Amino acid sequence: MKDEISIVGLFKALLRRWYVILLAIIIFAMSGIFAAKVFYQPTYKASAIFYVEKKYTTYVPVDKNDKKLAQKFSTIPKKKKPIPLPAPEKPATTISGKIHQFIESLQDKDALRPQNNQIITPEKSNPKKDKQKEKKERQKLLRQHKIHKVAKWEVDNSARMKYQDKIRSAKFLKSVQQQLQSDSSYQQSLSQLQHNVQIIINAQSPNLNLNTTGNSPKLAVKTSATIISELKRQSSNKQRIQIVTQNTTKQIIQSPMNRLKYGFLGSLIGLIIGSLIVLWQMGILVNPFKR
């Protein structure tokens, strides 16, 4: 009976015909690189950076020298002056002094106690009445042409999460898809559009980063521009979108093709197939345990 072929024997047999394995590795590695070049579908990425502003109304004095009105309608919060604390009373050292301090403390308590069984309640502010009073005073100043209304815009950081969720929602992307389908060359499904749209927010910045991917520079840029225009259309009158940067078709770069990846996979396939060819030539592949 012949001895069974050991793993060491198989390894030595493969080394004797190393040139066959090497040739298979080279052939399949080149085939992988060629297949990557032929069948690779390039993608293009476009980006747009924008932020959201909120509209609010403020009132400005007509006469800028009127410091009283300017301070009253100023949007800058007023700094409250600290209330000085009374100096601590030194404790009396003599018996007569201690008696005098005790009598004064009793008098202070009597002063705070309500007289004639009257209950003293602190005055409660009524926000509704205060608001109405402020409104009447403001209307009076408007009629007197002492102040005028001014609309201002400020960055609305609280709207970032809202706009991020809106862009990710299927309802919003459905309306974007309907606009993109006006071009006959556009044939992406809603799930593909959701995969190709990415919105990123940064806690350190008010900006929203919109990234879109497409099979052509034109499609990537058009998807980004359509999303921005749809956001503007659906925004309220008190909000507006300000674009920081937005890519054009000339600024789009094709995503790099990873030829090394396909070449490495081809090399692995060549190593396996080359080893099988050597084992088949030696007759081991048909019956590996000859006795």
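Glycine is treated like the rest: Cβ placed from N, Cα and C.
Per TrEMBL, compositional bias 'Polar residues' is recorded for 114-124. TrEMBL lists 125-140 with the feature compositional bias 'Basic and acidic residues'. Taken from TrEMBL, the feature domain 'Polysaccharide chain length determinant N-terminal' covers 3-57. Annotation source TrEMBL lists region 'Disordered' at 113-142. The transmembrane segment annotation in TrEMBL covers 18-40, 262-286.
Averaged across the domain 'Polysaccharide chain length determinant N-terminal' (3-57), the predicted model reaches a pLDDT of 76. Away from its own ends, the transmembrane segment (262-286) comes close to residues 5, 10, 13-14, 17, 20-33, 35-36 of its chain (Cβ-Cβ under 8 Å, at least six residues beyond either end).
Shown for the compositional bias 'Basic and acidic residues' (125-140): DSSP residue counts in helix, strand and coil, namely 14 helix, 0 strand, 2 coil.
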